[in-house]
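So the structure is just underneath, and the comments pick up after that.
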Amino acid sequence: MEQRPIIAFDFASKQEIEKFLTHFPLDEKLFVKIGMELFYQEGPAIVKFLRLQGHDIFLDLKLHDIPNTVQKAMRGIAKMGVKITNVHAAGGIEMMQAAKQGLIEGTKENQNVPELIAVTQLTSTSEGQMHEDQLISVSLEESVLHYAKCTEKAGLNGVVCSAHEVKKIHEATNNDFICLTPGIRPQGASVGDQKRVMTPEKARKIGSNYIVVGRPITQAEDPYQSYLQIKKEWNGEA
Ligand code: C5P
């Protein structure tokens, strides 16, 4: 089946989303990422609005709190009918297990439990910052792999990671473990503030399971054509 790139909806309001969607045919069902800036402006209504139009949602809220609180929050997230959501692996195995349990409890009958993935080390964290701020003395790579293994142990579906980390994470985890990778840029596209990017084609070849693409689509002159081109590359049809 054809895989869709997940479009990062880094918009400030519902109006901006509506304007962006006018570029797409009504029957083009998208997979979109809603992050905390949009969610905290528009709330669950924005998820409902997009779901009613047939789009699939990755709700990127990166939960990190005590297990009981995360479990209850995840019940609510599951009720929204999202496809993917996430937590911080730094919250620990018990918190991740509670998150998963909350999703199971909140999922309506006849619906699939959302896939649950974990953020390991944020890609905005440098090795130096990790040593100093978190007092973690191993290398950044070791820390990422450790968190990936904790995530697997907790029974989650996978991690958010840089495409450059995918190979090592796949080697260290079971075959079903998912790597979802942002920082994707088609050949020749502006890199923006991303430091280590990869093309959709290369990401597929090295084993990314989902790619997240924002500005190359949302800021494109023709967002629909840009989306189709990236989708083609991601599916190895370009
Ligand atoms: O516009 P761009 O393609 O760079 O957007 C990438 C999206 O993925 C943004 O929403 C960004 O916050 C998110 N992201 C990322 N790197 C991570 C985690 C999330 O770029 N490590």
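Cβ atoms are placed via backbone N, Cα and C, with glycine included.
As annotated by TrEMBL, active site, for OMPdecase activity applies to D60, K62, D65. Residues or ranges marked as active site, proton donor in TrEMBL: K62. Feature annotation from TrEMBL assigns substrate binding site to D10, K33, 60-69, T123, R185, Q194, 214-215. Marked as domain 'Orotidine 5'-phosphate decarboxylase' by TrEMBL: 4-230.
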Q | Overall pLDDT for the domain 'Orotidine 5'-phosphate decarboxylase' (4-230), taken as the rounded mean | A | 97
Q: Would you pick out, from the recorded positions D10, K62, T123, the residue whose Cβ has the largest number of other Cβ atoms within 10 Å?
A: T123
Q: Under 8 Å Cβ to Cβ from H64 (substrate binding site), same chain, six or more residues apart: give me those in sequence order, or none if nothing qualifies.
A: V70, V87, H88, A90, G91, M95
(Q) Return the residues near L61 (substrate binding site) by Cβ distance under 8 Å, restricted to its own chain and a separation of at least 6 in sequence. (A) G35, M36, F39, I77, T85, N86
**Q.** Chain-internal residues, separated by at least six, CB under 8 A from G214 (substrate binding site)
**A.** I7, A8, D10, K33, P182
Q: Report the same-chain neighbours of P67 (substrate binding site): residues 6+ apart in sequence with Cβ closer than 8 Å to its Cβ, ordered by sequence.
A: E94, M95, Q97, A98, A99
**Q.** Which of D60, D65, all active-site residues, has a Cβ with the fewest other Cβ atoms inside 10 Å
**A.** D65
Q.
List, in residue order, those recorded positions out of D10, D60, D65, T123, G214 with a Cβ under 6 Å from any atom belonging to ligand 1.
A. D10, T123, G214
Q: Kindly assign P67 (substrate binding site) to one of the three DSSP-derived states: helix, strand or coil.
A: helix
Q) Any idea what the Cα distance is from K62 (active site, for OMPdecase activity) over to T123 (substrate binding site), rounded to a whole Å? A) 14
Q: Rounded to the nearest Å, what's the C-alpha distance separating T123 (substrate binding site) and D60 (active site, for OMPdecase activity)? Just drop the number here, would you?
A: 15
